[in-house]
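One structure is given here, and the rest of the page talks about it.
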Amino acid sequence: MKRMIALDGAQGEGGGQILRSALSLSMITGQPFTITGIRAGRAKPGLLRQHLTAVKAAAEICRATVEGAELGSQRLVFRPGTVRGGDYRFAIGSAGSCTLVLQTVLPALWFADGPSRVEVSGGTDNPSAPPADFIRRVLEPLLAKIGVHQQTTLLRHGFYPAGGGVVATEVSPVASFNSLQLGERGNIVQMRGEVLLAGVPRHVAEREIATLAGSFSLHEQNIHNLPRDQGPGNTVSLEVESENITERFFVVGEKRVSAEVVAAQLVKEVKRYLASPAAVGEYLADQLVLPMALAGAGEFTVAHPSCHLQTNIAVVERFLPVRFSLIETDGVTRVSIE
């Protein structure tokens, strides 16, 4: 019998990422875990619908036995079984992030006995989670270099707080993992601005694009009007394609916040990324830790190692026989496997 790993949900940033990473790693390694103080660092601690859906999805895919899988629970015991490929559908029942549920279960399906398709309904444009286009255009091309073949499709948008969106991913078992080397971003090839609107006047998008164009030379400017029943909602994105990597940044519009202020938030975030020679943005760094650990080799550079990143590394090191090195030089941190 494999040893039970005990995790403190309050460590580091104290959010849901500790639970999601633990679920992924438990499914992959077969190691059971207990976590207490789930989301202790949040204003509303314990399992929300999104986290509960991730737990139930993980349990279904690997036939796990679970204790504490209920809304508001701050303690969970997870004993995994064998991961099995298949066609899975999960509903969050709120505007909780579809992509964060997918993020939890897809790594385990890299080790399944056959190809899989996972469909999740809930929120797709959430201010605290990556949109499907980030997964599709930024993360999945990098995963392909590592040896992971998966394809995400956004079937229907669902903005916060209404939800109602649908995202699906097709994924195949990984034959072998490759080392990812992302030391330098390289020169910028082009930048693309994009605005999504659902039940929001078009002039909002035009003002947001104008704000982006006032700060950056945009090779593309796209406005997409979605059906009103997928809103109301508004998301502004800016994609930076460089020689070695494509990064994508986004901001979700808010009621009573002007189009110019929303877009200015995005401008500030992109300028912060471009001010550093680091290849990887803050959020993408979190996403690369697990596949890099599974490969057992690789490195990337990031401007600032967030608390989120360091917490994720700590969880990975509890489950896998790897050690990460974080070395800061001239304002850039190089993250690698020792």
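Residue numbering: from 1, along the chain as shown.
Backbone N, Cα and C atoms are what each Cβ position is placed from, and that goes for glycine too.
The ATP site in Swiss-Prot is built from Tyr283, Leu284, Ala285, Asp286, Gln287 plus one of Gln74, Gln103, Gln150, namely Gln103. Around the Cβ of Gln287 (ATP binding site), the number of neighbouring Cβ atoms within 10 Å comes to 21. Taking every pair among Gln103, Tyr283, Leu284, Ala285, Asp286, Gln287, the residues listed as contacting ATP, the largest Cα to Cα separation comes to 14 Å.
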